[in-house]
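Residues annotated as signal peptide in Swiss-Prot, with sequence analysis given as evidence: 1-20. According to Swiss-Prot, the domain 'Peptidase M12B' annotation covers 205-401. According to Swiss-Prot, the Ca(2+) 1 binding site annotation covers GLU208, ASP292, CYS396, ASN399, on the basis of similarity to another entry. The N-linked glycosylation site annotation in Swiss-Prot covers ASN282, ASN548, ASN570, and the record cites sequence analysis as its basis. The Zn(2+) binding site annotation in Swiss-Prot covers HIS341, HIS345, HIS351, and the record cites similarity to another entry as its basis. Residues or ranges marked as disulfide bond in Swiss-Prot: CYS356-CYS380, CYS358-CYS363, CYS423-CYS436, CYS435-CYS456, CYS452-CYS478, CYS465-CYS485, CYS472-CYS504, CYS497-CYS509, CYS516-CYS566, CYS541-CYS575, CYS561-CYS599, CYS593-CYS604 (among others). Per Swiss-Prot, domain 'Disintegrin' is recorded for 409-493, and the stated evidence type is sequence analysis. Positions annotated as Ca(2+) 2 binding site by Swiss-Prot, on the basis of similarity to another entry: ASN414, PHE416, GLU418, GLU421, ASP424. Residues or ranges marked as Ca(2+) 3 binding site by Swiss-Prot: ASP473, LEU474, GLU476, ASP488.
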Amino acid sequence: MIEVLLVTICFTVFPYQGSSIILESGNVNDYEVVYPQKVPALPKGGVQNPQPETKYEDTMQYEFHVNGEPVVLHLERNKGLFSEDYTETHYAPDGREITTSPPVQDHCYYHGYIQNEADSSAAISACDGLKGHFKHRGETYFIEPLKLSNSESHAIYKDEHVEKEDEIPKICGVTQTTSESDEPIEKISQLTNTPEQDRYLQVKKYIELYVVVDNRMYRNYNSNRDAINERVYEMVNTLNVMYRPLNFFIALIGLEIWSNQDEINIEPEVAVTLRSFGEWRNTTLLPRKRNDNAQLLTGIDFNGATVGLAYVGTLCRPTQSVAVIQDHSKRTSMVASTMAHELGHNLGINHDSASCNCNAGPCIMSATISNQPLSEFSSCSVQEHQRYLLRVRPQCILNKPLSTDIVTPPVCGNYFVERGEECDCGSPQDCQDACCNAATCKLQHDCDSGECCEQCKFKKAGAECRAAKDDCDLPESCTGQSAECPTDSFQRNGHPCQNNQGYCYNGKCPIMTNQCIALKGPGVNVSPDECFTLKQNDPECGFCRIENGTKIPCAEKDKMCGKLLCQEGNATCICFPTTDDPDYGMVEPGTKCGDGKVCINRQCVDVQTAY
């Protein structure tokens, strides 16, 4: 029996108060020096399947002192960092595309926490010494190896002691999108979700992320693909820590380096680059590599102080589930924070208003990118994110990677169901699952969990496992052959819903009033029909689509299918500003625009012929 090895390292600490040193993060004015000394710890319970010897342990612990106090940093390998079909792509000098599937099972990127501290977290690379950050007593500390010959010394320091690379505030290029005032947010927070909505929000969600590095950034790192790979791995590892509070798990499914030349025109005008990258994802990337979201890291200096841009509320869309980020700092944590910010826009989160705040430090969705990395989501962002998920329900985030898709050597007894295992309830001493054989990680009977599993056996065929949640949903029943409830199914498109106020469309009942509430908060209604007539030729509120930058007015019959108009108090004809997201503030597809008619492609057509 091979047991999981826990490693404890003791650090001798020598504070260097007031001294200065140049590290990878830049010039650090105050730091402590520690010398790791590896000490084997007592074996931990758990049964490990036979496997080849690995360079890095799955679980490690480090003991050291911070400000003279001993702490224990617990680390676990980020098992979800790479998807099984993770690939790396670069280009030969003659332009040939070269794609490989490198072995990433034995990687060196970890998440963790300080022992006995509930609010702690860590993201660490252990590839060549210890590099990353950890949160201790509400403060963030950074650690990295000191490049001294014949020495295992490391530096520990705070962000406040790192000299800023420049004093110019960095900004996001998304404009005219700000979280609503406190009043709507408070009203929303007081609303009670249905049990089905609560279940949906609590389900783990997954994003398979594809990262592209442009030619400028490649050359900025001396055309060293290994250096870029390590930098991107660190960024995505950190990105995961930031998104765990939202119950999102991000797996890197591909990394592409434009080593020969850029595959699109990358311009200083960030909106142009974003549009080109979205088109490239749709026409070139998706046909050869599946992904839920793609981000472009570029070495170009965007116009002004802008360092990133993304579409808002567009996750899973072929041309718009994208973001572009300037590699604006030597510090991976700073760029990772910008990646988190732009991904937040894709997830329907707008910029925080002045009334939004975070428990500690800056907020991720502040319009100004903070000089302090590793920020967190505000309560405003959480509310907006949940509202977006419940309104749009993007499907690509629910396809959890199979147990074979998350790459790691299988360990029976570590509570993770991995390749070759049917269940994993911990060690035989700890297992509380009567359906699982802890010694073999095999099921005793049919199943151990799932909506269609009862007392370790499949429920009989026909047993309802998911009730219809509304007029546009259908109930699901167990098949008798699986522990999982069948995939959610919906009423046919065009089925009347909500007392004939609308027609079902892709499992939802799109009604203009609900769309107004989603954008403005409770107490808002759709404008009267005369508003749509009055605003028909208004350049801001009366168009149906934008072609080559020109707003095309709606035809008379289609006036209810263009810009959404809402009523709030005495304001009867409110429309929403045009943003980089072409669908923001527009009437949703499938919305009822008359008796027996629905909006499709911004046109009001007969429901019988629409689907």
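Including glycine, each Cβ sits where the backbone N, Cα and C put it.
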Task: Confidence summary (mean pLDDT) of the domain 'Disintegrin' (409-493) - done: 84
- [ ] In whole Å, note down how far the CA of CYS485 (disulfide bond) lies from the CA of ASN570 (N-linked glycosylation site).
- [x] 48
Task: Candidate nearest CYS396 (Ca(2+) 1 binding site) in space, where candidates are the recorded positions HIS345, CYS456, GLU476, ASP488, ASN548 and distance is Cα-Cα - done: ASP488
TODO: Spatially speaking, which of the binding-site residues ASP292, HIS345, ASP424 is closest to CYS561 (disulfide bond)? Use C-alpha to C-alpha, please.
DONE: HIS345
Task: Length of the line joining the Cα atoms of ASN548 (N-linked glycosylation site) and CYS435 (disulfide bond), in Å - done: 60
Open item on the list: Please give me the CB contact count at 10 A for CYS358 (disulfide bond), counting all chains in the structure.
Closed with: 18
- [ ] Enumerate the residues of the same chain, ASP473, LEU474, GLU476, ASP488 excluded, that satisfy the criterion Cβ within 8 A of the mean position of the Cβ atoms of the recorded Ca(2+) 3 site; list them in sequence order.
- [x] ARG466, ALA468, LYS469, PRO475, SER489, PHE490
Open item on the list: According to DSSP, collapsed to three classes, what secondary structure does CYS497 (disulfide bond) have?
Closed with: strand
Open item on the list: Excluding near sequence neighbours, so keeping only residues 6 or more apart in the same chain, what lies with its CB under 8 A of CYS541 (disulfide bond)?
Closed with: LYS535, LYS563, LEU565, CYS573, CYS575
Open item on the list: Could you check which of the recorded positions CYS358, CYS452, ASP473, CYS497 is the closest Cα neighbour of CYS504 (disulfide bond)?
Closed with: CYS497
TODO: Based on Cβ atoms within 10 Å, give me the single least packed residue among the recorded positions CYS363, LEU474, CYS504.
DONE: LEU474
Open item on the list: Roughly how many Å lie between the Cα atoms of CYS358 (disulfide bond) and HIS351 (Zn(2+) binding site), rounded to a whole value?
Closed with: 13
Open item on the list: With every protein chain in view, what's the tally of Cβ atoms within 10 Å of the Cβ of ASP292 (Ca(2+) 1 binding site), excluding that atom itself?
Closed with: 22
